[in-house]
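Novice: Please see the structure below; I have some questions.
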C-alpha cells in the first residue's frame, strides 16, 4: 500500500490521521497507558469500558475510569449496558466529562458482562441494540459510535445486517472485530465479514482483529476497504506500532521495531506514569502485566518477569530493569 491513498478517518468534527487507533481494553487502556500511546503519536485513544449503572451511581472507581482531564483530544469514552434509558443517562455524564466521542460496547465477550445482557450479548438481541444506540444518540451532541463483533457464533453472523440499522439511528462510525463471541480471542479473525459490513453502510467502518504488526494494519485497509484500523492486543507492550505507522504515513518508510534497550526505557517511563497517578503499591502491582508485554520475546525475559513479580517496590523494579538493560546493551568492539 502507498501512503498517497491513505485518507483520514472522519467522525463528526474529528479528522483522525493516520487512520490507526487504539482499542478500548479493560485493565489496559488506563490513563497512564493512554499517555504512552499519545507519546507514540496514536491519533485516537479510548478509555477502558465503563458501566452505565456505575456512572449513574457516581461510583468512585468508575469515576476514575472516566478521568480524561488534561488529555489531548480527540478521546473516546466507551460505555456498556443493556437498558436504553440508563445508557442515555450515562452518555450525558460522559459528554459532560469532556468526551470527544461516545462508543457503545457491543463486543465484550466476558461471561460476567454477557450474563447481564451487555456487551456481545446485544448481538443476540439486535432490536435492543438498535434501541440503545438510538437512545444514546438522542441524549448527546457528540458523535456516537459502536464497537461490535461480527456475531454471536458462526451460525449467527449479524454485523452486515445490524450495521445499516445502527447507521439509520444516527451512529456515526462502527468498529467491527472479525471474531464471534463464541470464539473469544481464539482462531483467526474473519476480515471478509468486515469487508462485507463496509459495503453495507456509508459511515466509516473501523476494522479490528489480528493486527500485530504495522504490515497487518496496512493489509487490513487493503483487504477490507475499512476506513481505519483499530489495534488492541497488538499494542500491548508495543506502542511503537503507532509511531512506526505514523512515520510510514509521513515518509513512506517503515522504521525498524524497537531494540530491547528501547523497550526497557519505555517500560521505565510507563512505570513512572503509573506510579505518579496511582501511587507506588498499586502502580507497581498493575505495572507487572504491562512489563510482561514489554519484555515478550526478549532473551531472559521469563526469569526477569519472575523477579519483577516478586519485587516489593518501585525502586526494586527500576533496579531490575536497569541492570538488565546494561547487560543487554551491546559492547563496542575492542580495537
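From the backbone N, Cα and C atoms, a Cβ is placed for every residue, glycine too.
Taken from TrEMBL, the feature active site, proton donor applies to 108. The annotation FMN binding site is assigned in TrEMBL to 24, 25, 26, 78, 147, 177, 232, 233. The domain 'DUS-like FMN-binding' annotation in TrEMBL covers 22-321.
Could you place these features in context, so I can see how deep they sit and what lies close by?
Specialist: With a 10 A radius on its CB, residue 108 (active site, proton donor) counts 22 other CB atoms from all the protein chains. In three-state terms derived from DSSP, residue 108 (active site, proton donor) belongs to neither a helical nor a strand segment and is classed as coil.
Residue 233 (FMN binding site) is surrounded by 16 other CB atoms, counting those within 10 A of its CB over all protein chains shown. In the three-state DSSP reading, residue 233 (FMN binding site) counts as helix.
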Novice: For the domain 'DUS-like FMN-binding' (22-321), what is the mean per-residue pLDDT, to the nearest integer?
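Specialist: Averaged over the domain 'DUS-like FMN-binding' (22-321), per-residue pLDDT gives 97.
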Novice: Could you measure between residue 177 (FMN binding site) and residue 108 (active site, proton donor) for me? Cα positions, answer in whole angstrom.
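Specialist: It is 10 Å, counting Cα to Cα.
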Novice: Looking at Cβ-Cβ distances, which residues of the chain lie under 8 angstroms from residue 147 (FMN binding site) while being 6 or more apart from it?
Specialist: 23, 24, 78, 103, 104, 105, 106, 107, 174, 175, 177, 208, 230
Novice: Excluding near sequence neighbours, so keeping only residues 6 or more apart in the same chain, what lies with its CB under 8 A of residue 25 (FMN binding site)?
Specialist: 48, 232, 233, 236
Novice: Restricting to the same chain and to sequence separations of six or more, state which residues have a Cβ under 8 Å from that of residue 26 (FMN binding site).
Specialist: 48, 49, 108, 110
Novice: Relative to the Cβ position of residue 177 (FMN binding site), how many further Cβ atoms are located within 10 Å?
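Specialist: So the number of other Cβ atoms within 10 Å of residue 177 (FMN binding site) is 29.
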